[in-house]
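Enquirer: Can you keep this structure in mind? I'll have questions shortly.
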Amino acid sequence: MDGVRVGKRVIGAESPVTVGWENLPRVEGGPLKQFVFTWFQPTVLFALLAFWYYAPNSIAKASTAIGIGIGFKVLLLTMEWFFPRHESWRLTWKELTTDLFFVGLGYTILRTVDVYIGDGAMIAAIQKAFDWDKFNWFTGLPLLVQAFMISFIFDFGQYWMHRGMHNWYPLWLTHAPHHFITQLNINKGAVGNPVELFLIGLGIGGFFDFLPRAALLAGTFGMAVSTYQHINVRFNTPRWWRFIFNTTEHHSLHHSLDYEATRSNYSGTWIFIDRIFGTCVDGEAELLGMEGGRRMSIREQMHYPFSEAWKTLKEKFGRPVTAVPAE
Amino acid sequence: MNLRFFDWIWHIKGSLPLAHGQSSDEVFERLDPLFRQTGTTHERTNGTLSFRKKDPAAQDKMSVFDRGVLKVENDGTGGVLNYYLSSRALLFCFLAPLLFLSFGQLTVALGTLNKPSAEAEKTAEDKKKDAKKEAERPMNPIDKALGAPAPEKPDKNKKDKKPSPTPAYVFAGIFATLYVVGRFLEQRLVKSLFKKRLLGETPVALSEPA
């Protein structure tokens, strides 16, 4: 495999990838299907932004956002079932059950941990100590600007945390299990070691809960853009969208079996952060995973960072095994 | 303890009648591609095929099973393929509701333990700050002109957000449902998979020379 030169790197030398938007397949079918799969993503995004902008205070609440989020995921799962991007990524009972287990951890035990020792606790402490007068310049900005800034700052932090995970071994150990997924489906974003899910969840998101409407608008970018990172549906994503936002194409490259391809597209929502720092590669991959595409069991996902760290430490500091010559 | 009373939880048993005169070699030859998957090892001896799977790919049609035995036998009326398959995924899904119920209980217990601190009275200074915050809720003129609702005054009686056990109970219900669905679905799918392979085209290795 020759791969494709992208800047100083060669992408796709180890596993097939497609580089360049002009080389990607488009949605096949009649004009109605083409229309729906071209305009679905922008329509949902703008409809949700309008909803949160104008919704009365009694409706603009986190509980409504959770309800919409769950309904949206069910809709996307249905789309995956009827319009799969790749047959090889089709959701099976085992995949769905595994994905939901990790989603369940995120909604239960990890949330509890977060409240006591994660960003929930930190944010509560900061909010208490903060002088809010210094924040008036921000709260006086137009709502959509506030929302963009909240979303962008959060994603900027996530970009560097994610890039750090790919470049610093201790952090990589926590992130590696997520890269053993061999297909993309709506809930695959939740699959990974809980330590990573905890680290990636550390952010400033909850910091803005005193600005409910701006926070909900910011969350819309997460829901109506980031969710598509792990989806088995093909869209004719508009050119401006894929220039600004992360897409399933970008993220499939990030999950490719090809090592160089995985070192790209780190942002969660705003792919232009990758463009700024030179880590964006436009393209897609179907063959995903690590170590030849072996699927990691839930048990190994749980202990991998610790067992691998132990192995590495033993190799580095352990007593070398010397062979005793036979007499 | 006799396992056979509850091993149906994670084992799937079944049988398929074979076409007249189909030998065990022919049967296993037809099923062979199912056992030539990444992470799968298998061996055949005297009409019995046993297999094991380690970290099978999501795309493996039998990935839900970890091991199993397939036997070609004669039940008096003709050849029959009997199979006995084991799935840790099914067992795990069966037990998952208990795990989530325990998470729910843990959340309740932690909530009870932390009650005094959660309801600790606010200091006079905090109250002063809250009052100040209440007075200052600026709204940008652009948002006013576009008709966005005015920001709500903060709720003075708003309690600290504490995790609720409800999601844990919802997930316990989801996994109980998934188990029932999976137990029947996977039994049906594996039967139709074997059936398709046995009735499908003759493998090249066994086809008669032209």
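Numbering starts at 1 and runs along the chain as it is shown here.
The backbone N, Cα and C atoms fix where each Cβ goes, glycine too.
Under the heading transmembrane segment, TrEMBL lists A:35-54, A:66-84, A:96-117, A:137-156. Here TrEMBL flags A:149-279 as domain 'Fatty acid hydroxylase'.
Provide an account of the burial state, proximal residues and distances for the features listed.
Expert: Long-range contacts of the transmembrane segment (A:35-54) within the same chain, counting only residues at least 6 positions beyond its ends with a Cβ under 8 Å from a Cβ of the stretch, are 27, 60, 68, 72, 83, 143-144, 213, 216-217, 220-221, 223-225, 228, 233-238, 241.
Away from its own ends, the transmembrane segment (A:66-84) comes close to residues 37, 44, 48, 90-91, 185-187, 223-224, 227, 231-234 of its chain (Cβ-Cβ under 8 Å, at least six residues beyond either end).
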Enquirer: Per DSSP, what is the helix/strand/coil residue tally across the domain 'Fatty acid hydroxylase' (A:149-279)?
Expert: 89 helix, 4 strand, 38 coil
Enquirer: Along the domain 'Fatty acid hydroxylase' (A:149-279), what average pLDDT does this model show?
Expert: 90
